[in-house]
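Okay, structure first, notes after.
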Amino acid sequence: MRPGLWETCFWLWGPLLWLSIGSSGNVPPTTQPKCTDFQSANLLRGTNLKVQFLLFTPSDPSCGQLVEEGSDIRSSEFNASLGTKVIIHGFRALGTKPSWIDKFISAVLRAADANVIAVDWVYGSTGVYYSAVENVVKLSLEISRFLSKLLELGVSESSIHIIGVSLGAHVGGMVGHFYKGQLGQITGLDPAGPEYTRASLEERLDAGDALFVEAIHTDTDNLGIRIPVGHVDYFVNGGQDQPGCPAFFHAGYNYLICDHMRAVHLYISALENTCPLMAFPCASYKAFLAGDCLDCFNPFLLSCPRIGLVERGGVMIEPLPKEVKVYLLTTSSAPYCVHHSLVEFYLKEKRKKDTSIEVTFLSNNVTSSVKITIPKQQLEGRGVMAHPNPQCQINQVKLKFQVSSRVWRKDRTPVVGTFCTAPLPVNDSKKTVCIPEPVRLQAGVPAFQDLKIACV
């Protein structure tokens, strides 16, 4: 190139090049923004793992600080003297940020003085579910390496609490497995079922993955795992068909995820409200509804487990039992909390047919009902029902003797008996309240009785 042409090009393009790259003396270097949000992905980008660790603190609960290396953590607002909550989302079909994550983080930080680490693996969880499953081991290793940096700063293993949603629950279990079960706690919010129901203990969440492991099951007949995987396993409303969720396909996407995501909303509600989501150990949901499991003595020595940021779920016995199924009922919307009651009806005389009685609690325009059945040639029938208000706020009970709709099976003979009720857990007979006089019930005709129970 001739010198004249070279000089011409230099003076024409040189200043533009200098302006585009900046100078070390006059232009300040660009800095990363303080707050970082979740990534977005799509099917065209595949499912390559691209993990972000976002730190949220009590001093700035809405700002996610990107922390990747040890130096990032040391220069952040991370407080090694506080407990650390690690939140791991699950499969993201559309590659979007979880809609619940901001509210979840805020609820945790309001309920606990802690560090919150949100694990953003949207890239690796997008597209095909089975591709996301293949990323679980690699993701678990990345999280484990990140936690090792926290341990170097003086964080104790026992102060780390992993909260995993769906597929994220099994990621948390694998991380706990890498730490030989010495992490403080793992909470699985409806742990994923597909590919994990028959998986080995090393591949899925189980009670050996942390000092305390709990799981909340809300969709065992579809996307959630149906087997117990922790020390305590909450089967909410039996673990499936949650109140308020659509029952038919025409509801579309909401039909698919409503039951599954109810575990997340229950946990948020438990953090935001004082009404306890208390559960009761029982062999089966059917037995629980039948009134066969009224306290928590076996195996918890009366300490009934509760959903939320309660130390070991409120279970303080040693050693901890494993894979204990506990059951609770809820309402159809937040705060979901109910007060469980035992309801009983004692016949004055035995009958030759089964006797069905509908029991309804009424208080402040809120009603709850349950049907109890007294088998033929027996005197007692019982069941468990749920009501949003405590018993002392229930004004009346409505009793209705139900008969068969089939003409040839109708029995119009009135029944006479005594109604009794008690709030769960029923630890002694002093809690039981009975209507003073026997009640005479005509077939199909409701009878209203006042309830007078003192608040304590």
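Each Cβ is built from the backbone N, Cα and C atoms, and glycine gets one as well.
Since we're looking at a predicted model, the values are computed, not measured.
Lifted from Swiss-Prot, the feature list:
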ACT_SITE  S166  active site, nucleophile
DISULFID  C245-C258  disulfide bond
DISULFID  C282-C293  disulfide bond
DISULFID  C296-C304  disulfide bond
CARBOHYD  N365  N-linked glycosylation site
SIGNAL    1-25  signal peptide
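Projection of Swiss-Prot feature records onto the structure.
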{"residue": "S166", "record": "active site, nucleophile", "DSSP (3 states)": "coil"}
{"residue": "C245", "record": "disulfide bond", "DSSP (3 states)": "coil"}
{"residue": "C258", "record": "disulfide bond", "DSSP (3 states)": "helix"}
{"residue": "C282", "record": "disulfide bond", "DSSP (3 states)": "coil"}
{"residue": "C293", "record": "disulfide bond", "DSSP (3 states)": "coil"}
{"residue": "C304", "record": "disulfide bond", "DSSP (3 states)": "coil"}
{"residue": "N365", "record": "N-linked glycosylation site", "DSSP (3 states)": "coil"}
Do any residues at least six apart in sequence from C304 (disulfide bond), in the same chain, have a Cβ closer than 8 Å to its Cβ, and if so which, in order?
M278, A279, F280, D295, C296, G314, V326, P425
Can you tell which of the recorded positions S166, C282, C293, N365 lies nearest to C258 (disulfide bond) in space, using Cα positions?
S166
Determine, to the nearest whole angstrom, how far the Cα atom of C282 (disulfide bond) is from the Cα atom of the residue listed as 'active site, nucleophile'.
24
Sparsest-packed among the recorded positions, when each Cβ's other Cβ atoms within 10 Å are tallied, from S166, N365:
N365
Could you give the Cα-Cα distance between the residue listed as 'N-linked glycosylation site' and the residue listed as 'active site, nucleophile', in whole Å?
37
In angstrom units, rounded to an integer, how far apart are the Cα atoms of C245 (disulfide bond) and S166 (active site, nucleophile)?
18
Between C293 (disulfide bond) and S166 (active site, nucleophile), find the distance joining the two CA atoms and give it rounded to the nearest Å.
29
